[in-house]
Amino acid sequence: MSVHPTQTLSLSQYLIEEQLKLPQATGDFTALMSHLVYAAKIVSREVRKAGLLENVLGSNETVNVQGETQMKLDEYADKVFNHTLTRSGHLCILGSEEHEETVSVPSGYKIGKYTIAIDPLDGSSNIDANVSIGTIFSVHLRKSPADTPGTLSDLLQKGSGQRAAGYVLYGSSTMLVLCTGKGVSGFTLDPSCGEFILSHPDMQMPETGGIYSINEGNYNYWSDEVKNYIRDIKSIEGGKKPQSGRYIGSLVADFHRNLLKGGIFLYPNDTKSTKYPNGKLRLLYEAAPMAFIAEQAGGMAVTVYGERILDLTPKELHERTTLVVGSKKEVEHFLKFAPKKP
């Protein structure tokens, strides 16, 4: 069997090669990513054994800071990433979906120059149904003085300033999609050697797509403008080919499919509940990293009002937003229907 050259390039080798291209590089980012990837491998191992082990599936019967029922794997993934990253020596502060406040580097450990905002296990409500889930992360350089404890302001930066962003998809295989501001690369975990291998170099999102991803169960709660858009892309008037609806309910899985196949993902605000008037997705560790990846792959990401996601400066750790992300021409078509911001 012939082997393509890229299929022998590990993530570690890839990061070192990229580091060598930058004369000012210190190796800190490469080391930080090594710790993050190690944690992802541990989580992947537990996800793959979820149906075989006790105390892995199901909920903890507790509610996290987001008001969501915390799944057992949620808590496990959170502990793994927190422990690994805060003790890496390259992080100054961590923001996690599972914690109301920021997570500091423990006493006795070196404080680094990077911040990470992370959703340790996105789509966790799908765990028991064996649906693909994922980890989403965003990396920034700190703004506060070096060697001092990181602050919340170090995390609250525009998405356009991200040093890196990515996600790990725990599906039929475990895949890491990484963007460091110079394109998007995909790595698949080879269980035989325990390494992420470059499997999808220079990933590009198709300019158009025939798939839309949205929870149509909330149709009656959307604005008229969003309803009109959905009716338009489903219309067969004039011989138009309607788009196909594909909604998994896991942001990582829905986004990943559209990254490969082309399409659009929408999470608008609605009137179903007064709890999330500005949308439900978190800006720092869901919308911003996905927007960074989408734009680097040739796509677009905006709010339901047409604001570029990467231009938004978060005002709080768990700030929420609407999200429309996907193929460039599909998002541009949505903008023709976008409501005006109140």
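Here, residue 1 is simply the first one shown, and the rest follow in order.
Heads up, the Cβ atoms here are built off N, Cα and C, so glycines get one too.
Owing to the predicted nature of the structure, the values given are computational and were not obtained by experimental measurement.
Annotation source Swiss-Prot lists Mg(2+) 1 binding site at E97, D119, L121. Classification of L121 (Mg(2+) 1 binding site) by DSSP places it within a strand.
Neighbours of E286 (Mg(2+) 2 binding site), defined as other CB atoms within 10 A of its CB across all chains, total 25. According to Swiss-Prot, the feature Mg(2+) 2 binding site maps to D119, D122, E286.
Taken from Swiss-Prot, the feature substrate binding site applies to D122, G123, S124, S125, N215, Y247, K280. Taking a C-beta cut-off of under 8 Å and a sequence gap of six or more, D122 (Mg(2+) 2 binding site) has these contacts in its own chain: I133, G134, T135, I136, Y167, S250, L251, V252, E286.
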Quiz prompt | Integer Cα-Cα distance in angstrom, Y247 (substrate binding site) to L121 (Mg(2+) 1 binding site) | solution = 18
Practice problem: Around the recorded Mg(2+) 1 site, report the further residues of that chain (criterion: Cβ within 8 Å of the mean position of the Cβ atoms of E97, D119, L121; site residues excluded), sequence-ordered. | Solution: D74, A77, D78, S96, E98, I118, P120, D122, S124, T135, I136, Y285
Practice problem: Give me the non-local Cβ neighbours of N215 (substrate binding site): same chain, 6+ apart in sequence, Cβ-Cβ under 8 Å, ordered along the sequence. | Solution: Y247, G249, Y267
Quiz item: Cβ within 8 Å of the Mg(2+) 2 site's Cβ centroid: which residues qualify beyond D119, D122, E286?
Solution: E97, G123, G134, T135, I136, L251, V252, L281, R282, Y285
